[in-house]
Amino acid sequence: MTDGRQQHTRRAPTTDIYDATELTRAFEQLMRTKRFNSLQEQSRSRSRTQSPSHAQPYHTPPHPSRAPPPPPTGAHYPSSQSPSQQHQQHQLPASSSLRNLPVFPSPPRDQQSLKFRNLLHVLSVTPTKYENPGLLDEALSLIPLDRLYSEAEEESQIMQAQAASVGGKPEWGYQDCVIRALLRWFKNSFFQFVNNPPCSRCLMPTIAQGMTPPTPDETARGATRVELYRCSESTCGSYERFPRYSDVWQLLQSRRGRVGEWANCFSMFCRALGGRVRWVWNSEDYVWTEVYSEHQRRWVHVDACEGAWDQPRLYTEGWGRKLSYCIAFSIDGATDVTRRYVRSPVKHGAPRNRVPEEVLVWIIHEIRKKRRESMSKTDQRRLMKEDEREEKELRAYMASALAAEINNLIPREQTSGRPGEQKTPASMQDTPVDWVAAQQMGPGQSGPDRSQDGR
């Protein structure tokens, strides 16, 4: 028996009994089966209580998606469902928020869902403004192209040499290096972060006085709101206005602002250099940029305000923020990219209660259809394959996080080695602070949490 226990101990590191991948697959299959059975039970309950004369037709998703057809869109059935069924139906959106389970697109009907739909449609217009040829020409005239291309060429050659020495592939391509050079120049030389603007008369610090209506000239320049500040010097007492411009033309002139202005202007610069750009909106009042890497065939997180490149876990694991919705908008449509930035919904996810998940999927498909309806069939198929590839990537993040959680629940046995020697749990080996420190490289250093400053 002793030999058997010792032999089992030696095999523990390589045993397949607690294979995290298999546990993840089994858990996901269990949840899919549970949801499918629940939907079948709801369907049978409705068919028994609903008269055929009152049945309503099916609604087909507006986007020619690969999703299954949606369920019947009838009214609510409070009298035909037991309290337990109603509670189960209420809990379904929460269990499907990971988006690894089937979600049937459903159009918004209640006032709150319609309001959120209108908000996303308004936000989706932002990246379309970057397609103005005159704006792009003006941006190119301000960018030191020779300097950026030289830096990108040098960095690209270094990466190629490093990859050749180990027989691998360079981490980033030349176009990625161009955007990285742009990021460094934009943060260090072009744009200025403003908290309280200094007094224009005596250059002393100012004190916030609240909001004030924009002047006609400020409105014409795209200012949606204006902050008012008073000079802290008693002998001066002058007031300073800080218009919050959303027009990129004006940002090229002012070259200052907070996170919102930084992300808006930098995204346009990326577009001017020929990059595919996303403007990412976060419901916790923060924004950033994503650029598409043809080299890695994926979207890359870029935060110009922080000088951060490909650090999607910065906000949650780095700053300890809780995020609910992260929606990326581009000229090709919209995508819910929350799973890229919230790897552990339990630890870092805020409640997603603005709309049901199936309504959010419907809105995303609606925006995509609107942006792509004038495209050629070839481009539509290309984007659809790209959507599928990204969906696979986002699901992998959730599967990995789930596997890690399951793995942490498994009791750790002492492995063969020195008596009393124990390995450090995986959850303690890489803390958020260590991870952020390791990611502070390349374009710049990640600074303090600016999300409290607002957009």
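Keep in mind that glycine also has a Cβ here, set from the backbone N, Cα and C atoms.
As recorded in Swiss-Prot:
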type	residues	note
BINDING	CYS199, CYS202, CYS231, CYS236	Zn(2+) binding site
COMPBIAS	38-53	compositional bias 'Low complexity'
COMPBIAS	59-73	compositional bias 'Pro residues'
COMPBIAS	74-98	compositional bias 'Low complexity'
REGION	1-110	region 'Disordered'
REGION	408-455	region 'Disordered'
Residues near CYS236 (Zn(2+) binding site) in space but at least six apart in sequence (CB under 8 A): CYS199, ARG201, CYS202, MET204
Remaining residues near the recorded Zn(2+) site, that is with C-beta within 8 Å of the centroid of the site residues CYS199, CYS202, CYS231, CYS236: SER200, ARG201, LEU203, MET204, THR206, SER232, GLU233, GLY237, SER238
Residue with minimal Cβ packing [other Cβ atoms within 10 Å] among the binding-site residues CYS199, CYS202, CYS231: CYS202
DSSP-derived structure type at CYS199 (Zn(2+) binding site), helix or strand or else coil: coil
